[in-house]
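What follows is a short report on a single structure.
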C-alpha cells in the first residue's frame, strides 16, 4: 500500500509541475483567426523568469524547513503526514486556477477561451485588445502526441538534447542531495546547508537569465558542480531548465515536451542512489561520475538555441524553420 501511495504521490507532483509550467497559453484560434499577445503564458515574456524563479524559491525554502520538521518528528508515518499536509491547500485552491485556453479551444469552447485570454491580456497590461495577425492558423481539432517530438529533424534534436540535459541535471542534483553524510556533519544540518545554499544561487539566476541569456546560464551552472557549491549551482541550473526548456518547445507540443523532460528527470533521480553506491569501488568515483554528468549536461545545453527576448514557437513548422519571428521584444 505504501508503494501504491508513493506512486500516486509522484503522479500528482509531476502533474502539478507540468500544469503550472505551461498553464493557459495565449496563442489560439478564435473564429478561424489566430489571435496573439506579447506573452504566451499568463505573464508576458519579460516576466516569465520571475514566475520561474519564484516557483523555484518556494521549493528551496521548503527544503530549508524540512530538516527541522524531520529533526523533531522522528516517526516516519507522522513525518510523511506532516510534509504532505500542505497539499490540502491544493485541494482547496484548484477551483481558482484558470483553465488552459488551448484545451478549451480543442473542445470547441471558444467563448470561455476568449474570456481567459482577455483576463491574460489585462494582467499583462495589454488591456483587453486582442490583435489579429496574418499567420498560418493552427487547427483547433488537430491533435499531437509524443511521436511528434521525434517526427521532424529539429524537433528530434531538441527532444534528444533536453532529455539528456534533464537526466544529467537530475542525476547530479539529487546525487549531491542524497550524499548527506559527505560533510561529516549532522544529516539534518547538512540538509539545511544544502538547501540554504540554493537561495543565493537562485537569486543570481534571476539576474543572469536576461543579462546573459538562458543558454549561458544553464551551461555555466552545470559546468560548476563541486561539493556544497555544486549543490547551489545545480539548483540554479534546475531553476533555469524548467523555464528554458518550456520556451524551446512549440505551443502545440509544450506540455508533451515538458512531460517527456520530467520523465527523463525522474529517471535521473532513480539512477542517483546507484551512482553513490559506486564508492564501494572507489571512494571518489561517485563524485567523478556526478561531475561528468554535469559536464555532459552543460555541453548539451550549448547545442540548444537561445530563447531570451523572443516570441516562443507556436507550431512544429516554426521550429523547423528556426522560429520565424526572431526579432527581440522591446
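Cβ coordinates come from backbone N, Cα and C, glycine included.
TrEMBL has this to say about the protein:
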- 6-30: transmembrane segment (TRANSMEM)
- 78-97: transmembrane segment (TRANSMEM)
- 158-176: transmembrane segment (TRANSMEM)
- 188-209: transmembrane segment (TRANSMEM)
- 221-246: transmembrane segment (TRANSMEM)
- 258-278: transmembrane segment (TRANSMEM)
- 285-304: transmembrane segment (TRANSMEM)
Spatial neighbours of the transmembrane segment (158-176) far in sequence, C-beta under 8 Å, 6+ residues away: 149-150, 194, 218, 222, 225, 227, 230-231, 234-235, 237-238, 241, 245, 248-249, 257, 260-262, 264-269, 271-272, 275-276, 286, 289-291, 293-294, 296-297, 300-301, 303-304, 319
Residues of the parent chain within Cβ reach of the transmembrane segment (258-278), under 8 Å, 6 or more residues beyond its termini: 10, 14, 17-18, 21-22, 146, 149, 159, 162-164, 166-171, 174-175, 178-179, 245-246, 249, 285-286, 289-290
